[in-house]
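Down below is the structure, laid out as structure tokens.
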Amino acid sequence: MTAIKTRPVHGYSKFLSTGSARGSRVVTNKEMCTLIDSTPEWIEQRTGITERRWATNSETVASMGTTAARTALERSGLEASQIDAIIVATVSHHRPSPSLAAYIARELGLGDAAAFDLNGACAGFCYSTALADSMIRTGSANYVLVIGVEKLSEMTNLDDRSTAFLFSDGAGAAIIGASDEPGIGPVVWGSRSDQLKTIELEDWPTASADPNKIHPLIRMEGRAVFKWAMTDVAKRAAEAIAEAGITPADLDVFIPHQANDRITDVVSRHLKLPESVTVCHDIADMGNTSAASVPIAIDRMLQRGQAHSGDLALIIGFGAGLVYAGQVIRLP
């Protein structure tokens, strides 16, 4: 029998650089309350959000993703031609084909790099990180560009006062490459498909049947999500730490999906994180950007000096599906 030839494998992978872009319009809680029946104080108390970013009409998922990716590429010192693959995590690309990754690859001049989108909802970036890690370690790629990007303001239901204030627009990107030492820990991922209706986006036929709708809208059962996050997500975060062979005290930074500050606090307490661990609260002036929240938070924490190159960080995303994915990484 003729054997199948395989490519040389790499030992490990790591994050090389990051970049981010945010919607240019700042929407404060006060302004939000002119659109919905609520108060700025109630929104902040329930979520930790004081303002969020909405993109303008000219700011698209393609343009924001390209901006974040270009920054990451410049910081990496690599040439565009060296990128072997681009993975874009998003639920906001309204054209099923071609992929958003293909559009961004064209803008960046990535040539014949493999390009595809991934729908992992709010866990999309962590899913994509796991794929990039596997691609590199199996020899399928040397450098992978991973992007999380969303324009959720288009899909926000302003008639739903329980969710309208949550969502935001932006993009985060990272370049992942081969490494001689472990830079990305084993992923802990999975789903609870019996909870499909807990968070969902309307299908296009339903949305298009309503003359008042331009895009499908988000529907979420907030209490059910909170209950799930308190139990299952907290458990999976602990598993990701254990899979990396470390303890909570070894962490420098905890960067969960920026869904709600109360969820972040509950998971942090469950993990028994010591005071030495910096916990990300990027949601305060960013809002919830689904697949973009983790990479945006990583980049902003690095740029603001809240985290540093070489730090050990636990990242975890969770959202519609219900899906989750998390791993320990070393920051670039």
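Using the three backbone atoms N, Cα and C, a Cβ is placed for every residue, glycine included.
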Q | Given ranges 48-52, 73-77, 258-262, 308-312, the stretch to which Swiss-Prot attaches the annotation region 'ACP-binding' | A | 258-262
**Q.** Segment-level pLDDT (mean, integer) for the region 'ACP-binding' (258-262)
**A.** 96
Q. In Å, rounded, how far does the Cα of Asn288 (active site) sit from the Cα of His257 (active site)?
A. 8
Q.
Validating a neighbour-count step here. Other CB atoms within 10 A of the CB of Asn288 (active site): how many?
A. 23
(Q) Is it possible to get the count of other C-beta atoms within 10 angstroms of the C-beta of Cys122 (active site)? (A) 33
Q) According to DSSP, which kind of secondary structure is Asn288 (active site) found in, if we only use helix, strand and coil? A) strand
